[in-house]
Amino acid sequence: MNEKFTKIGFILAVAGSAVGLGNAWKFPTLVGQNGGSAFILLYLLLTFCVSFVIFLAEIVIGRLSESDAVNAFYKLAPKHKKAWSTAGFFMISALLIYSFYSVVMGWILKYTAVSLFSLPTNIDKSGEIFTSLLENDILVSLICFTIASLICFYIVSKGVKNGIERLNVWMMPALFILLIIMVIYSMFYDGFLQSAKFLLIPDFSVLNKDSVLSALGLAFFTLSLGVTTIITYAASLPERTNILTSSLSIVFINVLIGIMMGLIVFTFIFEFGADPGEQGPGLIFVSLTVLFSKLGFVGNVLAFAFFLSLLFAAITSAISMIEPSVYYLVNSQRFSRKRAAELLFGVTYVLGIFCILGYYKETSGIFTFGGKSFFDILDYLTSNVLMPISGIVTSIFVGFVISSKPVKILLLPYMGETLFKIWYFLLRFIAPLAVLVIFITQNI
Ligand code: TRP
């Protein structure tokens with residue numbers, strides 16, 4: 001018998017998985033570059049027509065099988081069971097994502113610790129500090145990465161209820177409260193109004209083909225799809241949970257936190273005249289720290305709160321990348337949870353170190369392939385190749401391979417006939433095609 005989440009534990013754990021670094025540096029920038037709320041509307045539309053559709057399909061697989069991903073495909077496939085069960089091994093993508101995600105968590109940990117004491121006062125200095133962390137201070141990188149990774153594996157080794165649920169149930173509200181305080185604080189700055197305009201006033205004229213592709217990619221990434229995380233968490237979904245409303249609240253929390261992060265980040269970007277087009281590490285680690293430094297001690301407190309909330313968001317996502325494989329080893333290979341966690345810690349630790357060495361100036365040559373660092377290769381391989389393929393496989397599996405009867409019995413009480421029909425149609429014909437289109441356009 002599986003260990004089950006409580007209802008709220010399930011929602012918070014899945015929301016914790018969805019809300020991550022993507023919300024902090026992908027969402028705000030893409031929204032900013034693509035016409036504010038016009039992009040948010042597009043993103044919501046694609047979320048509902050594509051990602052949410054596949055999200056529900058993953059929930060169905062987990063809930064019907066109550067098993068780890070490999071076993072789930074095996075159990076549910078009517079024939080060619082062995083062949084289908086290999087689809088469960090997309091869980092490895094989650095480990096690959098974890099390997100570089102945990103390196104970023106190390107950076108965040110370092111910034112959380114340091115931000116209370118000192119912040120760089122100009123952009124050049126700040127850029128130097130960040131580059132130096134990557135290229136020279138290998139020891140600091142390693143120590144922070146090791147601590148971050150140990151925390152995540154420790155939590156997962158404690159199990160679904162005592163580890164994952166317990167952590168999410170306090171960390172997600174804590175993250176939310178920190179963000180609310182920061183949003184309220186931002187309102188006192190002139191930049192806030194500009195930030196709100198930038199994010200929320202729709203400008204449809206900026207939308208183009210690339211916006212559609214970015215929105216679809218983002219919708220896929222932020223819902224943690226295509227790596228069997230949702231299948232695994234849904235295997236511990238408590239009976240009689242309303243699948244539709246819980247899933248909708250998860251999508252809602254995810255978008256809301258993206259918008260809050262965006263409001264905070266852009267308030268300070270506009271307040272101090274920095275570049276709103278910047279994305280990723282440059283935005284968070286370089287620009288934002290300088291902007292906070294202009295506020296004196298308050299800035300230190302804000303920076304600390306900001307990095308702490310980022311750390312929380314990252315940890316709750318990171319543990320959901322480890323759990324699918326841990327659960328597989330425990331459920332299908334008879335490992336103890338502790339042994340499984342230790343083994344996977346070892347594997348991802350080595351990959352993480354390769355990422356770190358790919359940035360370190362003495363070794364970067366060895367860990368760079370075809371002009372791409374090891375870190376970038378893992379990122380590219382997972383986001384652009386493995387996740388889309390898995391999305392297509394999942395929709396075909398639930399849409400065409402397994403019988404529709406148990407799926408209908410599971411979902412009908414929450415959705416009603418019409419909504420079910422729409423979902424089933426989107427799952428069979430629209431979602432796989434849409435993902436195929438991103439897959440092809442991203443890789444040519
Ligand atoms: N959703 C997370 C974020 O926005 C990142 C993520 C992508 C993820 N794929 C995942 C998390 C798979 C857990 C599992 O940052």
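Each residue, glycine too, has its Cβ placed from N, Cα and C.
Feature annotation from TrEMBL assigns transmembrane segment to 40-62, 83-109, 138-157, 169-192, 212-235, 247-270, 297-322, 343-360, 380-402, 422-441.
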#### Entry: Feature contact check the transmembrane segment (380-402) with the transmembrane segment (169-192), CB under 8 Å, 3 or more pairs
no
### Paired segments the transmembrane segment (212-235) and the transmembrane segment (247-270) in contact, 3+ CB pairs under 8 A
yes
### Query
Who are the long-range neighbours of the transmembrane segment (380-402) in its own chain, taking Cβ under 8 Å and residues 6 or more past its ends?
53-54, 57-58, 60-61, 64, 73, 76-78, 84, 87, 90, 93, 96-97, 217, 220-221, 225-228, 372, 424, 427-428, 431-432, 435-436, 438-439, 442-443
#### Entry: Candidates 83-109, 247-270, 297-322, 422-441; stretch with most C-beta pairs under 8 Å toward the transmembrane segment (343-360)
83-109
### Query
Does the transmembrane segment (247-270) reach the transmembrane segment (40-62), going by 3 or more CB pairs under 8 Å (6 or more apart in sequence)?
yes
### Query
Mind checking which residues reach the transmembrane segment (422-441)? Cβ under 8 Å, same chain, six or more beyond either end.
46, 49-50, 53-54, 56-57, 213, 216-217, 220, 384-385, 388-389, 391-392, 395-396, 398-400, 404, 407, 411, 415
### Message
Given a Cβ distance threshold of under 8 angstroms, which distant residues of the chain, six or more beyond its ends, lie next to the transmembrane segment (83-109)?
### Response
20-21, 68-74, 76-77, 133, 141-149, 152, 226-229, 231-232, 281, 285, 307, 310-311, 314-315, 317-318, 320-322, 324-325, 328, 344, 347-348, 351-352, 354-356, 375, 378-379, 381-382, 386-387, 389-390, 393-394, 397, 401
